[in-house]
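Scroll down for the structure; my scribbles are underneath it.
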């Protein structure tokens with residue numbers, strides 16, 4: 001029995017901060033363990049809830065075999081149809097009206113170009129829209145998570161930034177990038193022992209809030225799993241009072 005291959009995880013920097021990039025795919029299980037660099041900032045229950053939602057949403061807009069077959073048919077059609085119809089129209093125009101080759105050629109070229117544009121629109125535009133809608137739905141879900149985290153944890157909390165690149169036609173994997181600001185502290189052991197299992201912290205820095213914040217709980221810690229008002233919805237969000245959500249959206 002072959003061992004399960006590890007999930008590819010890479011680390012780097014960008015203008016957003018320090019990045020941890022996780023590659024998800026249809027064939028590999030979702031990683032249960034949080035990467036070492038993120039364990040102080042993402043609660044375990046949030047990790048286990050959101051990653052399946054990200055994977056399910058991204059794969060809903062990914063049908064590799066159908067997309068590649070459709071593109072191949074579209075590519076061949078956009079080349080073959082104009083050539084075939086150009087010859088047919090050219091010969092028919094010469095025989096029916098006795099036009100010169102130049103006049104018949106202009107009309108045939110115009111019709112062939114129209115067929116080329118029509119084939120491109122018919123075959124390529126639907127896939128572009130399909131992928132665009134999938135990425136926009138993913139981005140909208142991530143924005144709602146940002147609002148939910150701000151409402152639950154307060155404006156002073158250190159919140160990771162989640163970004164997802166959904167699969168393309170020839171790229172079937174999902175790229176999840178989680179960024180932390182440069183000024184967030186990290187453990188000195190993270191670079192040497194990235195795969196060491198450590199016990200969960202009692203006060204994750206991702207959930208620490210400023211004293212006096214009207215989003216804070218009684219002990220100034222936002223444990224999402226322990227708050228009774230955080231009812232899980234279908235997309236993994238937590239219920240937010242409508243007034244608080246509108247107020248936060250105006251401030252962000």
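The backbone N, Cα and C atoms fix where each Cβ goes, and this holds for glycine too.
What TrEMBL annotates here:
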- 11-20: compositional bias 'Polar residues' (COMPBIAS)
- 1-20: region 'Disordered' (REGION)
- 70-89: transmembrane segment (TRANSMEM)
- 101-134: transmembrane segment (TRANSMEM)
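Listed as Cβ neighbours of the transmembrane segment (101-134) (distance under 8 Å, sequence separation of 6 or more from its ends, same chain) are residues 57-58, 60-62, 67, 70-71, 73-75, 77-78, 81-83, 85-87, 89-90, 93-94, 166, 168-169. With a cut-off of 8 Å between Cβ atoms, the residues of this chain six or more beyond the transmembrane segment (70-89) that come close are 104, 107-109, 111-113, 115-116, 119-120, 122-124, 126-127, 169.
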